[in-house]
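Structure, as structure tokens:
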């Protein structure tokens, strides 16, 4: 039977899976609608840019999904536990074809819903693997959001500012992208919280503050980039190509080990660089305060340069009704986001107990509950343990601080643990 500690699949997990696939389909549908509108109106440049963002996002997500599919199949006991649970999961060639056809991500959604339905409604075994699937989907939605929804939100905002008007289809696209980003924030944070069994229930106050600081930091960043694109559109690509390699280099310097292959790891680092272009995302162990201060100082400076450039090159006549408001509101909004983030970390952020390192020889002496802190999938009777170390690693980075380490005693001996 499933472990009761981390593998309990509830109706709320099932609901999140269903809403997740509905949000995904709504986002795809709105993208197709916007692309059709651009094409029918003869706006072939915007049509090409939008299609390019959709294709880039889809390819990146499918690559991550395929890498993880290969990694998981190498785990001991994976086939035995999942052959009957995963839609198309037992056939490697079919799964590869689905990923080539850009359907792998969608099939993961269907697999998670089907597995969750079997566990929650039919009361079958496999709760641990249902949770495993939802964790992977949460990370894939995060990647999809910042590869497509955030750039698309920037694009739609730029077009509305450039034309000084908004059509219905553009408003729908903005709503879809904003909804996708907002849902990703809530869903991803909720998924990470499941790695804290003693603090798994997140209060509404904590969730609201977490959502607000992300929204208040991402919104002015998107607006600043969109405003800059209205005055110097040809320089926006140059700006991204200057910033993105620096961010990727910083990720590399932090010696990430999220993926199980060199090629996969560089894909991950490149993707994190893209995420950092819009929002902070912790990827390494240790104290995050210094890294976060460096990042936000850098992004605030860059955003200020973009905003000041727009102010001096803008059309004073067309922008006179909203330019002073934006110039005052965007920096203030970013500052409020930093303050809400500080409030969250001081008042609402939980901590994660880290298991002792293997060199201490203590890991085998821990009770089962402590030993499985980083496992998101538990075994069924007689089955080998499977570990979803991807989300466990991110939970470790997000919920632990190097400065918080202090020794505790286990069986009369000391071990360094984060509290």
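Here the Cβ of each residue, glycine as well, is placed from N, Cα and C on the backbone.
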Matching range for TrEMBL feature annotation, transmembrane segment, among 114-132, 133-151, 266-284, 361-379: 266-284
Per TrEMBL, the range holding transmembrane segment, considering 75-94, 235-254: 235-254
Recorded stretch, among 235-254, 266-284, 293-313, 325-348, maximising Cβ pairs under 8 Å relative to the transmembrane segment (206-228): 325-348
Folded-back contacts onto the transmembrane segment (235-254), same chain, C-beta under 8 angstroms, at least six residues removed: 225, 228-229, 269-270, 272-274, 276-277, 283-284, 302, 306
